[in-house]
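Enquirer: Pulled from TrEMBL, these are the listed features:
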type	residues	note
DOMAIN	33-307	domain 'G-protein coupled receptors family 1 profile'
TRANSMEM	20-41	transmembrane segment
TRANSMEM	61-89	transmembrane segment
TRANSMEM	109-133	transmembrane segment
TRANSMEM	153-174	transmembrane segment
TRANSMEM	204-224	transmembrane segment
TRANSMEM	254-273	transmembrane segment
TRANSMEM	293-310	transmembrane segment
Amino acid sequence: METKGYQCRSSRYIESGQSAVPSSVLFAAGLLGNVLALLLLGQHRRRSRSPGGRPPRVSAFYVLVTVLAVTDLLGKCLLSPIVLAAYAYNRSLSELGPGGRSEDEPGVLCQLFAFLMAFFGLAPTLLLLAMALECWLSLGHPYFYRRHLTRRLGVTLGPTAAGLCALFCALPLLGFGVPMQYCPGTWCFIRMAGGGPRELGFPVLYASLMGLLVLAIGACNVSSMRHLYCMARRQPRRGPPAATAPRMEELDHLVLLGLMTVLFTVCSLPLIIRAYMGAFAADFNENADLSALRFLSVNSIVDPWVFIIFRTSMFRSFVRRVCQR
C-alpha cells in the first residue's frame, strides 16, 4: 500500500512542539455556542405556545435548526475529547486504541475517528439541504408544503437520512477507502492521495457528494430569494404590519439559512479541492490536508454562534431594514 508523504501514519507519539490549547479553546467555544443555541431554541418554543396551554406551534425550519445544533454538539462531544486525550497522554490515536489487523492498518480508535469526521461533515450538509428545501417549498409551493410536510414526515426522514449517511461513511471500514492518521497524530480521516481506485474512490465520491449538495442548497436559496422578491413586489408599499409579518418571518429564515450556507461552503470547499487534487494530481501535501480537515471541523463551532448573533434584535432589525430598502 503506497503511503508516500504521510509522515505520521504510523507514529506512536504526538509531534513535538504541539499544544492542546487551540483544541481546548475550539472545543469550549463549540460546546458553549451549541448549548446557548439550544437554550435560545427552547425559549422560542416556549414563546410559540398557543393560548390555553396547547402544544407550541413551531415551524419545521426551527425543528431542523434544533436538529442541526444537536448534531453539531454531538460531534464536538464525541471528537474533541479524543483529541484532548491524545494530547494528555502524548499518544497518537492509533496508539491510544487497540491496534489494527495488520501493521499498516491504523488502530481501531483512529478508524472510528475517521468515520465520525466523515459523518459529522456530511450530516450537517443534509440538514442544510432539508432547511433549504423547506424554505423553498414554503415560499414557492405553499399548498404542497401545508398538505405534505407534516411533523410525522420530519420525524421519519431524520433517522432515515442519518442511517443512510452512516452507511455511506462506513464504506472505508468495509474496504472502500483507507482511514489514515494525520500529523500531528491527533487527527484521522480518509486518505486523499496515493493508491488506486479502491483507495481514492471514496474521497472523490465524498467530495463530489458534498459539492452536489452545496450546489443544490445554493439553487434552493436562489429560488427562495426570487419567490420572496416577487412577493415583495406584489404587496402594497403601505399597509398594516400584520400583512407583512409572514413575509418577514420567511425573510428571517432565508437570511439565517444563507449565512449558514456561506459558512459551510467556505469550510467544506478546501476539503473538496484537496480530495480532487490528491486523487488526480497525486498531491501529498499533508499540511494542506490537515488545514482542510480543520476548516471542516470549524463549521460546527461557528454555526451556533451565527445563529446566536442572528437572534439578537439589533442584528435582525438591521437585516430587515436593509432588505426592505
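Heads up, residue numbers simply count up from 1 along the chain you see.
Glycine is no exception: its Cβ is also placed from the backbone N, Cα and C atoms.
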Enquirer: What stretch in 61-89, 109-133, 153-174, 293-310 has the biggest tally of Cβ pairs under 8 Å against the transmembrane segment (204-224)?
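Expert: Stretch with the highest Cβ contact count: 109-133.
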Enquirer: Return the stretch with the most CB pairs under 8 A relative to the transmembrane segment (61-89), choosing among 109-133, 153-174, 293-310.
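Expert: Ranked by Cβ pairs under 8 Å, first place goes to 109-133.
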Enquirer: Which residues of the chain, 6 or more past the ends of the transmembrane segment (293-310), have a CB below 8 A from one of its CBs?
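Expert: For the transmembrane segment (293-310), the sequence-distant neighbours (Cβ-Cβ under 8 Å, at least 6 residues beyond its ends) are 26, 29-30, 33-34, 36-37, 40, 65, 68-69, 71-72, 75-76, 79, 117, 120-121, 124, 182, 187, 189, 252, 255-256, 259-260, 263-264, 266-268, 270-271, 316, 319.
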Enquirer: Quickly jot the same-chain residues contacting the transmembrane segment (153-174) by Cβ under 8 Å, restricted to those at least six beyond its ends, or write none.
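Expert: Apart from its flanks, the transmembrane segment (153-174) reaches 60, 63-64, 67, 111, 114-115, 118-119, 122-123, 126, 130, 190, 202, 209.
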